[in-house]
Amino acid sequence: MPLNKDIKKVLVIGSGPIIIGQAAEFDYSGTQACQALKEEGIEVVLVNSNPATIMTDKEIADKVYLEPLTVEFVEKVIEKERPDSLLAGMGGQTGLNLAVELYEKGILDKYNVKVIGTSIESIKEGEDRELFRDMMNRINQPVIQSEIITDLDAGIAFARKIGYPVIVRPAYTLGGTGGGIANNEEELIETLTSGLQLSTIGQVLLEKSVKGWKEIEYEVMRDSFGNCITVCNMENIDPVGIHTGDSIVVAPSQTLSDKEYQMLRSASIDIINAVGIEGGCNVQFALNPHSFEYAVIEINPRVSRSSALASKATGYPIAKVAAKIALGYGLDEIKNAVTGMTYACFEPSLDYVVVKIPKWPFDKFQGADRALGTKMMATGEIMAIGSNFEAAFLKGIRSLEIGKYSLEHKKFKDLSMYELRERVVSPDDERIFALAEMLRRGYRIDMVSKITGIDIFFLEKFRWLVEEEQKLKQSTIDDLNREWLLKLKRRGFSDKAIADMLKVSPDEIYRLRDIWHIKPAYKMVDTCGGEFEALSPYYYSTYEQYDEVVVSDNKKVVVIGSGPIRIGQGIEFDYASVHCVMALRKQEIETIVINNNPETVSTDFSISDKLYFEPLTEEDVLNIIDKEKPDGVILQFGGQTAIKLAKFLKEKNIPTLGTTSDQIDLAEDREQFDDLLERLNIARPKGKGVWSLEEGLEEARRLGFPILVRPSFVLGGQGMEITHDEEELTYYLTNAFEKDSKNPILIDKYLMGREIEVDAISDGEDVLVPGIMEHLERAGVHSGDSITMYPAQNISDKIKEDVLDYTKKLALSIGIKGMINIQFIEFEGKLYVIEVNPRASRTVPYISKVSGVPIVDIATRIMLGERLKDLGYGTGVYKEPDLVSVKVPVFSTQKLPNVEVSLGPEMRSTGEVLGVGRNVFEALYKGFVGASMYTGDKGKTILATIKKHDKKEFMELAKDLDKLGYNFIATTGTAKELREAGIDAKEVRRIGEESPNIMDLIKNKEIDLVVNTPTKANDSKRDGFHIRRAAIERNIGVMTSLDTLKALVELQKEGAHNRELEVFNLI
């Protein structure tokens, strides 16, 4: 039992949905913390709204409440479960803010709940900008000249006093939300207004900019006895001015002198002692590159994105140790699981280099402002480990899955030196490639350092890489000798990069490596620089001499992970990968994971028998397979990242378990799939590929509007749009053919029907459908952005029978062994198939949890040769539960300047929440609350701007809203129609007309909800785009689908928002 015998039942608060600034790292830390508590015999009650997480599984906590993370709902959980303690530091900013709110509202005192780990007072001192600054002054730690600002005028006055540029840092926000650098008064007014609105306490720190100084981070641990260690220090390659979440980070720091390192280490320990942290803490410093002057930027008094990175970089389990400290243990009493000999008070040492590179979502948001600053915009990140910086860096580049294997980027070749300089001085997500092009053209390193703030050490490394690339380009395969190839491999060059530059195939380089015996060795991440023997089977590749992998003769399977979190491929696939690993280990099969994401549970070395932290490219995966010689490889759970390796592995005669490469092709190739549907007599929306505007218009006239148009090769609905008439179609096709005239545009009849989705399991003979899901928004909204209901609420028994029949026919005809995801449309009483994915999908965690069927476990056992009828869950459609569960998408568009907000065929959500209720209205209300959507609880003024095709339907909803007490503001046309329908509506002027116009009302927050159905989504020149953006940036609700608005109307008519709602333990 723990040292503190009073702790028997602990409430752990999770971090909620994945959003920019708060991603999978909190599932990793939360899972680790829950396991650490259970190890001590403590009952764990978890509350988290995100169903896609491992931490909300029944194996991780004793009680799981998938409920909204609000004071109201968490109080209900506390009242029902009566925990004696609360662990707040594992749920990111969300968990921290909620713990402070529960404390300040007296709820923790009311139920006698003690906060364990870092106290509320210490959290406040770390998070409140004024308290933190005062504390730093008391302990003589330098802070940047700053002022706490709570109103605009005071901010302007302070900026005039200290001079521009200034940095705006809102209190209690996530990922720098609402903040930024202001170079002049006009920019300050805009940024400060946003920051004050988005801070939960209306407080902003305005500070003198030290843009260009080095940004250094220390991850520190402290126990309640005052023992303190630094786990890891990290250096941002990008200087201060770019959010650390958007910076390339290297560990350990590469450019600090011993004096600088020790100076900042001592400062970190002084700060963590002064604040009174008990657990983990991240300290960020700005360091003047020309002197020993430094300043404390901020601390995070909790586990964070950086602590997940530090954990994976060192092998030191920060969240687990923090949880043990919260129970009263000292660092000298907690065993290091990696070595099994040393204790947590032993500081890790690294004999390798780790590089983290962010993964940005700009492929999904073509019009987005890509400029990087103090507001975080990355959705995820990759980590790479190498025996030198260059090797780790190049591994990182190829791990990003952006089609780059070196520092060369075609788009920068034609830019002038002036244009390149502009791209480097005003950094964006592609700056590193522009910088490499400057070095390629001979730009002096000292000048590049001066204009970028990047240390000469890193620039010299980049220059060496660029020079080697140039040498290769000027050579042939005959010039390549063993010595040169070995040098290139040691510095991280992939076979593909070398082959591309020598204009040969990667197989040719692989063949030479085989002849010359140039094979990677695998080293262990051991926390102690080889000083003690390690037990952890956690490896990275290097081309040095000694190999530390022990290859067994056991039956073994490789599981390919899903790589970095990005829109369309999120934490759901890590969930599936981890469950696959658990299922294999239960069958006593040696399980090997390959992945490169430092935020996830799958890259926790305790999850699998062996973990290879490597890029998910053909070469890197093949090297591991060559080494381990597994009995099979599983690709089904790693999303598109894993599936796209299927063809390559087949060519290399490597067995994949479950569905084969040919079967994947059958499902994903449009022509083959259309032939299959015809043979099976299954309908799909009519359509074809067109090559010109004229052909497109002719096909549209044949099919009849509305029409769904999209490029022929897309993922995640990229570039899809619904057009309602010839004018809209002409606009789309003209732009599409201008961008790409070499591929056809697909034109399908758009069926405005109900979308239905299933995740099914097949063993080649039978099929099990754990549940039939219904989408709330009609077809045309990407399935990942739709509200999803289970059990389905509006589907007839006849359609359910057809769903099962079509699922069976498709799964058995394709030859699925394992998982299949199918999306249907029900239109005018008939069922159509719109998409088949021969793998796990993003709905797997949701349907697993709410149906009670362990989908991934069953699918994995089928891949190993078992049959559905022997696994205890039957076949056909599984029985429906009593409770209704609604999955609601969550968006991060507020954090991405100039991106589209409206729902459509292209996926934009970053995460999801679950709402569980006795009926669909209760579940929807909880889902809306959990997703921070508009619920009508705070204000009832609606701005309506509705396109002509939607006006008739909107008028019916407006009548209901009018009866519910809503007020309407509308532009001339809509206002006139509302009045004609007997609804009072205030008229407002359009954008660009004299004040007060629409924009004035939004800026003054005189509107509570914007209902805007877009005429042309993604067109940033149109009024609708500006209205949606202005509203979302001011935390005003926006609905662009009348189906979502109808759901709001129905739950209000049912009074779900006024009921005393229950909370449900899903175990």
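Just so you know, glycine gets a Cβ as well, placed from its N, Cα and C.
Of the residues Q672, Q823, Swiss-Prot puts just one in the ATP 2 site with R710, K749, L751, E755, G780, V781, H782, S783, E835: Q823.
Counting every protein chain shown, the Cβ of Q284 (ATP 1 binding site) has 20 other Cβ atoms within 10 Å.
Every protein chain considered, the tally of other Cβ atoms within 10 Å of the Cβ of K208 (ATP 1 binding site) stands at 18.
The C-beta environment of N300 (Mg(2+) 2 binding site), restricted to residues of the same chain at least 6 apart in sequence and closer than 8 Å, consists of G126, C281, N282, S306. For N837 (Mg(2+) 4 binding site), other Cβ atoms within 10 Å of its Cβ number 20. With helix defined as DSSP H, G or I and strand as E or B, the domain 'MGS-like' (933-1067) counts 57 helix, 22 strand, 56 coil. Within 10 Å of the C-beta of E835 (Mg(2+) 3 binding site) there are 16 other C-beta atoms, taking all protein chains into account. Of all the binding-site residues listed (E215, E298), E298 has the fewest other CB atoms within 10 A of its CB. Checked against L751 (ATP 2 binding site), the binding-site residues K208, I242, E298, E835 differ in C-alpha distance, with E835 being the nearest. With respect to their backbone Cα atoms, E835 (Mg(2+) 3 binding site) and G780 (ATP 2 binding site) stand 13 Å from each other. Secondary structure by DSSP for the region 'Oligomerization domain' (402-549): 78 helix, 11 strand, 59 coil.
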